[in-house]
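Chemist: Here it is: the structure, laid out below.
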Amino acid sequence: MIAMNTPDFQRMKKDNKKISMVTCYDYWSACIISQSNVDCILVGDSLAMVMYGHSTTLPATVEIMAQHIQAVSRGAPNKFIIGDMPFCSYRKDLTTSMNAVERLMQAGAQAIKLEGADAHNLKFIHHVVKSGIPVIGHLGLTPQSIYTLGGFKVQGKEPSAAKKLMADAKALAETGCFAVVLECVPSELAELITNSISIPTIGIGAGPATSGQVLVLQDLLGTNNQFQPKYLKKFLNGFELIKKALDDFDQEVKTSTYPHLETHCY
């Protein structure tokens, strides 16, 4: 049984209880998260970068997302799972875009997430919500628009940009989103937005005042020693621990210490 549902997001904001979300892409990681206290899982299109080595999220496709959502849902059937709508999948005609939503939901997502709040997106979100499908918005640094934004950089610094982010957040809430991700926006702006809309905000690089926080599993475990944005706290030195385990394995194989005849052999 799933431990969390969409009304719980609203309740947790009302009760001032923080929401924890982890981005996860695979079965074995999801199995670990399923045994943790983390509230919910995002299967993000960032898998194009983290799992496949691309420089942007753009190569993620609906089918790739569906395969990873299936894997995560098998590993964490007790967690609320959000599936990212990948690049351009919701910028097509309504039938094609809804087919993409259907694919992700049938793969095991309980909600979808999409980036931006222009007129096209708001109309599409309205249709999806009216179809009974929960939607999370995403504002600030929206990686699918990376070439328009000019890189992975903080958004909303200028007054006009901050005003637009506030208006977009209100529009997403009014259109029916049950939460919104705020990525790489100034802390004060994120706090203002959080206090100005009824739905929860989930921050990543948006300060401590948001309704919750999301980090990519591999990032919080410290598995990439080359990746250290300002917002990231590594809760484990995963790179060094995993590397040491591999080196220990290598040494024991080469010294015939492993496998031990009495302990590891049949």
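Placed from the backbone N, Cα and C atoms, the Cβ positions cover glycine too.
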Chemist: In Swiss-Prot, the 3-methyl-2-oxobutanoate site includes Asp45, Ser46, Asp84. Which of Lys13, Lys14, Lys113 does it also list there?
Modeler: Lys113
Chemist: With an 8 Å cut-off on Cβ distance to the Asp45, Asp84, Glu115 Cβ center, who else from the chain surrounds the Mg(2+) site?
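Modeler: Apart from Asp45, Asp84, Glu115, the close residues are Gly44, Ser46, Thr57, Ala60, Met85, Pro86, Phe87, Lys113, Leu114, His138, Pro143, Gln144.
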Chemist: I'd like the Cβ neighbour count for Glu115 (Mg(2+) binding site), meaning other Cβ atoms within 10 Å of its Cβ, all protein chains included.
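Modeler: Glu115 (Mg(2+) binding site): 22 neighbouring Cβ atoms within 10 Å.
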Chemist: Once the DSSP letters are reduced so that anything not helix or strand counts as coil, what is Glu115 (Mg(2+) binding site)?
Modeler: coil
Chemist: Do you see any of the binding-site residues Asp45, Ser46, Asp84 whose C-alpha is within 10 Å of Glu115 (Mg(2+) binding site), and which ones?
Modeler: Asp84
Chemist: Count, for each of the recorded positions Asp45, Asp84, Glu183, the other C-beta atoms lying within 10 angstroms of its own C-beta, and report the residue with the smallest count.
Modeler: Glu183
